[in-house]
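The domain 'K+ potassium transporter integral membrane' annotation in TrEMBL covers 38-250, 295-466. What TrEMBL lists as transmembrane segment is 75-97, 166-188, 209-227, 297-318, 324-341, 350-370, 382-403, 410-430, 436-453.
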Amino acid sequence: MRTGKSELCPEIYAFSIQLHRLNMVDTRKASCMTVATLAYQSLGVVYGDLSTSPLYVYKTTFSGKLSLHENDEEIYGVFSFIFWTFTLIALFKYTLIVMSADDNGEGGTFALYSLLCRHARLSILPNQQATDEKLSAYATHGSVETWQSSALKSFFEKHPRFRTGLFILVLLGTCMAIGDGVLTPTISGSRVLSAVSGVRLKITALHENYVVLISCVIIVGLFSLQHHGTNRVAFMFAPIVTAWLLCISSIEDRHRRMDLIRRSGSLNHRLLSSQNTMKISREAFIKPYQARAKTKAVFWPVFIVATFAAVVGSQAVISATFSIISQCCALNCFPFVKIIHTSSKIYGQIYIPEVNWILMCLCLAVTIGLRDTNMMGHAYGLAVTTVMFVTTCLMALVMIIVWKQRIAIAVAFLVIFGSMELLYISASVYKIPEGGWIPLALSFIFMAIMYIWNYGTTKKHEFDVENK
């Protein structure tokens, strides 16, 4: 029995997983055109989410007491924090390390769990059967055991409770990722809501109800496009994201850049010493996101492009949610649903109608019920950071059991990245009363469904074995 494959998650998480799609095509055999096409599609699926994140990050950051100190130094300080987060977590952790632990091109918590189950007896259902070795995708040859990996395998085999605990941890990360699939399109609506809030500086008569209505229409339209498949949707969205990235990198503000050099502290000075970086920081993270463009000729073009970019920003997580559900079904952790493969060439590009419309209804409910971008941001933050921490824990096990690395290396990885992510989680915990309860409630519901379904499948398997 093959044990599952992948899962996708929030922005940085979705970034790492969607890039795994590129690995599905052997670049040694594929034509340059195929690789270039996939790279172009990644703009519409991956980078739209990453490049539009600060649309709501800045608004949420300056929603509390920090709003009393909303000056250039504070804004650049927040940008510095965002920059280092992307550098350390997105680049070093996911791109350089986690993406190497793919499961036939798929990534995420389920992919890591699949690798662990393949190399050790960790699955709740029996795995490592003789027939599994006949599957080309299940091969584990070429790995030499070490005493660290053997000891860890023996520990899990002797303690079923720890196997169950690991499974629950995987379910937690998975359900938080599914919850993120609900929150990200909602956040995309709130991104538009944030952008429209900037328009309210120009059009003061625009009522909040109209903003909510616009968000709902956008969410319905976004999910209505999903049946075309990731391939076509990516082609439609890539030009929008490209225009957005070109827009935020082409606007000049020499005075602000030089002022940043003069006033930045030592850390921000070293971080943002490049003129290009300062240009992007000023124009990409401040003017478009907080709608402070002072030139009318720049305001409306930037606003229009930013609005369209905000709409497509959630595509990565929507596609990710389809993959999550598909792999949950493969692991007998979710009721079977109709899975439509939308590409005859690229494995993993799928569409699940039932999940699509359920997600749309949940997104509409959250959008209409909250009407508050700050609460949405708090909920989104807790979901994202939890998935990141679960990934770090599983990755430490993969280093020992699958990669046969020394325990010291795995512990160093866990301490370095886990400590940062726990810091984020601790900050999100304080926001539970202010919207952080939403991903917890969604995750509890999804975990209950998945655990009960898996429990019933396990009992059915035991009954079949006893009465064979």
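Cβ coordinates are placed from backbone N, Cα and C, and glycine is handled just like the others.
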Legend entry - Proximity verdict for the transmembrane segment (209-227) and the transmembrane segment (324-341), three or more C-beta pairs under 8 Å: no
Legend entry - Contact ranking winner - 324-341, 350-370, 382-403, 410-430 against the transmembrane segment (166-188), Cβ under 8 Å: 382-403
Legend entry - When counting Cβ pairs under 8 Å to the transmembrane segment (436-453), the leader among 324-341, 350-370, 382-403: 324-341
